[in-house]
């Protein structure tokens with residue numbers, strides 16, 4: 001192994017600490033889902049209040065991702081990452097100590113704000129620490145651990161809730177955060193993006209635009225997709241997004257240079273990441289419920305039954321990351337998302353009637369291998385398409401697209417499930433929802449076709465695809 005291919009001690013520390021932050025944030029996206037029944041009984045929550053214990057986190061997380069990345073480029077990525085971890089840790093303690101649903105929702109909102117300053121900065125620090133010829137492997141490990149946290153969230157939440165109490169799904173973050181923050185400040189070198197002033201106008205517009213769009217999505221099922229609230233949210237969010245794009249074209253130092261989107265790899269990687277996460281989050285939401293409904297499993301057992309799917313992330317994603325370094329992203333994105341589509345369609349077909357668990361294992365493995373191949377490749381395509389100085393804002397945009405994809409995926413599948421009869425006709429609704437997961441995966445594969453074909457044989461190959469900083473500013 002050449003010196004350029006060795007992983008230094010500093011790089012290993014960066015990978016370890018950024019992965020810890022990412023796992024904490026990703027785990028809390030869905031970990032609370034397994035505890036909703038217990039929270040309802042303990043705090044006397046209504047169904048709508050329960051929805052907001054999930055939605056408050058998603059909203060504040062999604063709306064601040066791009067702004068957080070821009071602040072990190074300006075203020076210092078390590079400093080911003082550590083601050084986000086600290087906020088997330090304190091908010092986790094507040095969630096655990098909440099004695100009423102409004103207090104829990106408020107704490108979850110602050111937790112989402114902290115998460116928004118962790119996720120994109122983790123990817124930025126990773127991109128700054130690893131050279132192009134090693135970045136794919138690092139992203140593979142990072143993506144595998146992050147994906148495992150997302151998929152394992154319901155199982156971990158169920159196990160903790162059954163074994164201890166729902167408060168412990170939040171308390172477990174506290175000692176980890178208290179240890180991680182000083183280690184981040186000591187072991188991760190500081191880095192910054194290209195020197196530019198903050199763009200408060202652009203930050204305000206993109207934050208409010210995402211708020212409007214996500215609000216419409218999360219309220220669609222409860223308020224009705226044709227309700228004035230939902231339609232108004234989409235219209236307002238769309239207008240604010242158009243206003244943001246117009247503002248950025250005229251801004252002397254835009255937060256998101258419009259030239260970013262002229263990179264095919266950047267645009268296609270973000271689109272593929274959106275559809276991948278939409279299918280992934282939707283599948284997690286319904287597969288865990290299916291295991292409980294079809295086989296009478298508890299939350300922990302249902303999570304264990306999904307191991308043929310979830311374990312592949314830990315095993316396959318690092319290998320896929322190495323392949324990205326050798327053959328480029330497009331083959332892995334297209335093949336991986338096609339594989340996930342096959343797995344979802346397969347599950348949809350075999351689960352329509354009486355099904356034995358053993359019949360689900362092969363399609364779970366196929367879908368898991370597919371998403372494990374595609375996840376690091378989409379991230380590498382979106383972030384690696386731009387110069388190293390732009391990795392911060394590129395990470396913020398990619399994180400935002402993933403979060404939007406997750407929210408949209410769950411909402412779309414919930415609407416399909418409800419239209420098929422909901423919980424009164426669970427099997428019918430489930431098969432249709434999983435078929436939609438397959439369609440979303442195919443859309444991601446089609447988006448992946450647009451990723452620039454290239455072969456990574458060294459630093460020169462990476463630079464050849466990147467556009468000069470001057471053209472992107």
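Every residue, even glycine, has its Cβ placed from backbone N, Cα and C.
The annotation domain 'Major facilitator superfamily (MFS) profile' is assigned in TrEMBL to 14-456. Taken from TrEMBL, the feature transmembrane segment covers 14-36, 56-72, 84-107, 113-130, 137-156, 168-188, 268-290, 302-320, 332-348, 360-383, 404-423, 429-451 (among others).
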Exercise. Thinking of Cβ pairs under 8 Å, which stretch from 84-107, 137-156, 302-320, 404-423 has the most of them with the transmembrane segment (429-451)?
Worked result: 404-423
Seminar exercise, completed: Other same-chain positions with a Cβ less than 8 Å from the transmembrane segment (404-423) and lying at least 6 residues past its termini are 29, 58, 62, 210, 213-214, 217-218, 220-221, 225, 273-282, 285-286, 429-430, 432-433, 436-437, 440
Seminar exercise, completed: Same-chain residues at least 6 beyond the ends of the transmembrane segment (268-290) with a Cβ under 8 Å from one of its Cβ atoms are 29-30, 33-34, 147, 150-151, 153-155, 299, 302-303, 306, 309, 329, 333, 337, 340-341, 344, 347, 351, 367, 371, 374-375, 378-383, 385, 397-398, 401-410, 412-414, 417, 426, 430, 433-434, 436-438, 440-441, 443-445, 447-451
Seminar exercise, completed: Taking the transmembrane segment (302-320) as reference, the highest number of CB pairs under 8 angstroms among 84-107, 168-188, 360-383 goes to 360-383
Problem set entry | Annotated stretches the transmembrane segment (56-72) and the transmembrane segment (113-130) touching (3 or more Cβ pairs under 8 Å) | yes
Exercise. Taking 84-107, 113-130, 332-348, 360-383 as candidates, which has the most Cβ pairs under 8 Å with the transmembrane segment (168-188)?
Worked result: 84-107
Exercise. What same-chain residues lie close to the transmembrane segment (84-107): Cβ under 8 Å, and 6 or more beyond its ends?
Worked result: 21, 24-25, 28, 39, 43-46, 49, 52-53, 56, 68, 113-118, 121, 167-168, 170-171, 173-174, 176-178, 180-181, 184
Seminar exercise, completed: Long-range Cβ contacts under 8 Å made by the transmembrane segment (113-130), restricted to residues 6 or more beyond its ends, are 10-11, 14-15, 18-19, 21-22, 24-26, 28, 57, 60-69, 71-73, 77-78, 80-81, 83-91, 138-139, 142, 188-189, 191, 193, 379, 383-384, 388, 391-392, 394-396, 398-399
